[in-house]
Amino acid sequence: MRLGVLRHAGFARLWTAQALSLAGDGIYFVAIAWLVLDDHGPGALGVVILCWTLGNLAALTPAGLLADRRPRRNVLIFADLVRAAALLGMAIACWNEVHLVPLAALSVVQGIGDALFAPSFLGTVAALVPKQDVVRANALEQVARPLCYRLLGPAVGGLLISVWSAPGALLIDAGTFVVCAIVMAGLPPLDPPPVEEHEPDAGREWRAGLAYVRARPWLWSGMVAGLVSNLVLWGTVEVLLPVRLHDDLGAQATDYGLLLGANGVGGLLGAWILTSRLADRPAGLAAATGAWSLAAFAVAGYGVPEASWQLLPLAGLYGFGMAVGGALWTSCLQQRVPEGMLGRVGALDTTASNLLTPVSLLGAGPAAAFFGAGPALLIAGSVMLAGLLVPAMAVLTGAERGARPTTGEHDDGGQRPLAAPRAGAEPGAELTGLAQHQALDVPAGRDPDERL
C-alpha cells in the first residue's frame, strides 16, 4: 500500500478528518439502531432513515451551488457543525426516553448537513492533490472506510453503549464532527474559480450544470447506472441480505459480522490494487463499470448458496467491486470535470444515486415476501447488471474517448487555465479536478450504507 499521497499536507489533514468522521459514523450506525429498535421496532428505524434521505435530497441542489460559489473549506466546516448540532439534539431528546418525532426531525437536519458536505468535499480533494495522485487519494479513502466505519467505529459504539448508553454514544459522535471541523480549519480557504461577470443566477447556473452533463454520454450514463444500482442495492444490502442469512440459512449474528468483515477485506484488497498497480493510469469508465459488474455478480450470487460460509467469498467480491468502482468513478469526475462545475456535477451525481433509495427500502420487504429473499437477491443483481449496460454502451460506442483529459485542456476541449499551486500540493504541480465522494451520501457505485 503506497501512502505517498499523504505527503500533500492539505490532503493529509483532510483525510485525517474524514477517517475520524467515518469512525463516528460507525458509532452512529450501532447507536441509532440500538436506540430505535429497542423501543420502537424496525418500522421506526425505516422512518428515521427515510427522513435522513429526504433531507439529503432536498439540500443537494443548493449544496452543489455552494460548492462552486463559496470557499469550500468554510462549507465543510459549516456542514460538520450542522451535523454535530443534529447529533447533540438527538442525544438530548433521547437521553431518558426515545422520542421518535424529534429524532426523525433531527435526522432531516443531519441529512441536510451530509448533503452540504459531499459536493464541497469532492472539490476540496481536487484542489489539494495533483492530477497524477487522484486515484491514490480515492483509494486511500477506501482504506479508511472499512477500517474506521465498519471495524473501529462499530466496536467503539458497542463499547460505549455497554458501558454508558446509546444517547451517550451519539454525544461522542457529535464530538467527532466538532473535532473534524477544528482539523479542517487548518486548510486553506479553497476559493472556487472566478465565475462569469454576470450576476449570479441559481437557475441559470443549474441549467448550465445540466447541459454539461447531458452533453457528455460518459457522465450521464454513469449517473444512470448509479440510479439503477442504488435502487436495487439499498434494499438488498440493508434488508434482504440479513433476511437471507437469518431466515433462509439459519445464521447467527456472528455470521453476519463475518460477512461484513469479508466485505471490508475485499475493499482493502481493491484499495491496495488501486494504489500499487493502477494509480498511475487515468481513471476510466470502462474499468469502473467492470468493477461494479463484479459487485453485481456477487449480489446475484447471494441468492444461490445453501450455507452461510459460502457467502463469504461473494461478500469479498462485492466489497472489492464497490471499492474499486467507486474510487475510479470519483476519480473520473475529479480528473475530467472543470473545477468551477465540479460541485454541481457532484450534487447531480449524488441526487441521481439517492433518488430512488426510499423506493428500494420500502420495496425490499414486499419483494422478500413475494419472491423470497434468495430469488429477490438474484433478481437485484441481474437488474444492476442491466443498468451497467448503459455506461458499457458509452464505452463501446467510443463516447468515453472524447472525454479523456489532456494536459492543459478540459474534457470539453476548452483551454484549462493553469492553477497556481495550492497549499498541500507540490510546487509547480498543475492542479486539476480530482477528489472523493462519500456517503454519503451515496454517489454512483457507492456502498449504500455509507454516510459521510
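Just so you know, glycine gets a Cβ as well, placed from its N, Cα and C.
The feature transmembrane segment is assigned by TrEMBL to 12-37 (among others).
According to TrEMBL, the feature transmembrane segment maps to 43-63 (among others).
Annotated transmembrane segment per TrEMBL: 75-98 (among others), in sequence order.
Look at TrEMBL and you will find 104-126 (among others) tagged as transmembrane segment.
As annotated by TrEMBL, transmembrane segment applies to 217-236 (among others). Distant neighbours of the transmembrane segment (217-236): 285, 288-289, 292, 296, 299, 302, 329, 332, 337, 345, 348-349, 352-357, 359-361, 363-364, 367, 376-377, 380-381, 383-384, 386-388, 390-391, 393-395, 397, 399-400, 403, 442-446, 448; these residues of the same chain sit at least 6 beyond its ends, with a Cβ under 8 Å from one of its Cβ atoms.
Summarising the annotation, TrEMBL assigns transmembrane segment to 256-275 (among others).
What TrEMBL lists as transmembrane segment is 282-304 (among others).
The transmembrane segment annotation in TrEMBL covers 310-330 (among others). Sequence-distant contacts of the transmembrane segment (310-330) (same chain, six or more residues past either end, CB-CB distance under 8 Å): 122, 135, 138-139, 141-142, 145-146, 222, 245, 249, 258-260, 262-271, 273-274, 283-285, 287-299, 301-302, 435-437, 443-447.
Sequence annotations record features per position, and here TrEMBL assigns transmembrane segment to 351-371 (among others).
The list of residues near the transmembrane segment (377-396) in space but at least 6 beyond its ends in sequence, with Cβ under 8 angstroms from a Cβ of it, reads 217-218, 221-222, 224-225, 227-229, 231-233, 235-236, 240-241, 244, 285-286, 288-289, 292-293, 295-304, 367, 371. Annotated transmembrane segment per TrEMBL: 377-396 (among others), in sequence order.
Sequence annotations record features per position, and here TrEMBL assigns compositional bias 'Basic and acidic residues' to 402-414.
Look at TrEMBL and you will find 402-452 tagged as region 'Disordered'.
What TrEMBL records for 416-431 is compositional bias 'Low complexity'.
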Legend entry - Region pair the transmembrane segment (43-63) / the transmembrane segment (104-126), three or more CB pairs under 8 Å: yes
